[in-house]
Amino acid sequence: MRQNVLFEFGTPIVRVLNALDALSNGRGILVVDDENRENEGDMIFAAENMTVKQMALAIRYGSGIVCLCLTEEKCRQLKLPMMVKNNSNHYKTAFTVTIEASKGITTGVSAKDRLTTIKTSIEDYAKPSDLNRPGHVFPLRAHNGGVLSRSGHTEAAVDLTTLAGLKPFGVICEVTNEDGSMARTTEIIKFSKQYDMPVLTISDVIAYRMSNL
């Protein structure tokens with residue numbers, strides 16, 4: 001059903017290629033997961049080239065929970081422990097403790113401050129002391145193996161930024177409707193046309209990666 005709705009965006013492989021082009025050129029993308037999973041759409045931006053304007057868009061039209069998708073290696077580098085010892089989340093979403101840049105911000109909640117925290121985190125030689133805990137940015141630890149090991153938005157963000165030739169870190173936020181409900185595929189498509197963001201599915205990313213093994 002969803003594949004028929006997304007046909008206007010091309011085949012699964014074309015949708016991925018369009019997303020990679022968008023990310024490499026500093027645009028956001030929209031990724032929807034399985035209809036039998038969360039059935040939600042996330043805005044995804046490459047952390048490396050995300051702008052304050054894009055962060056403001058994510059905060060305004062998203063859930064407000066802005067997440068930074070990191071590799072396991074980066075989480076170790078920053079010494080970010082998991083938020084809880086025993087993860088009972090149904091989808092095993094791997095939240096670490098929340099973070100804030102230790103310098104260059106005020107309250108940490110503005111679009112500019114959140115982006116400063118993200119840019120600080122993804123610096124090649126970032127240190128644990130560069131971040132305060134807790135904060136207003138929610139890091140997520142991606143599984144090694146990406147979407148081939150876990151079909152989540154976290155892994156899709158890391159896979160897509162990597163495939164786009166960028167640092168393997170993505171910023172994600174769920175898209176919501178004006179009434180606060182979660183946007184589904186129809187609303188996601190409308191949003192994509194309004195903000196010029198290509199749409200694809202996590203299944204598309206899996207298919208693309210499988211075709212390149």
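Glycine is no exception: its Cβ is also placed from the backbone N, Cα and C atoms.
What Swiss-Prot records for Arg37, Glu38, Asp42, Arg150, Ser151, Gly152, His153, Thr154, Glu174 is D-ribulose 5-phosphate binding site. Cβ neighbour count for Ser151 (D-ribulose 5-phosphate binding site): 19 (other Cβ atoms within 10 Å of its Cβ, all protein chains included).
Here Swiss-Prot flags Glu38 as Mg(2+) 1 binding site.
Neighbours of His153 (D-ribulose 5-phosphate binding site), defined as other CB atoms within 10 A of its CB across all chains, total 29. Among the features that Swiss-Prot reports, Mg(2+) 2 binding site is placed at Glu38, His153, with the record citing sequence analysis.
The Cβ of His136 (site 'Essential for catalytic activity') lies under 8 Å from the Cβ of Val66, Thr98, Glu100, Gly108, Val109, Asp113, Arg114, Thr117, each of these being in the same chain and 6 or more residues away along the sequence. Sequence annotations record features per position, and here Swiss-Prot assigns site 'Essential for catalytic activity' to His136 (among others) based on sequence analysis.
Among the features that Swiss-Prot reports, site 'Essential for catalytic activity' is placed at Glu174 (among others). A strand conformation is recorded for Glu174 (D-ribulose 5-phosphate binding site) in the three-state DSSP classification. Note: Glu174 (D-ribulose 5-phosphate binding site) has non-local neighbours Glu40, Gly41, Asp42, Met43, Gly62, Ser63, Ile65, Met182, Ala183, i.e. same-chain residues 6+ apart with C-beta under 8 A of its own C-beta.
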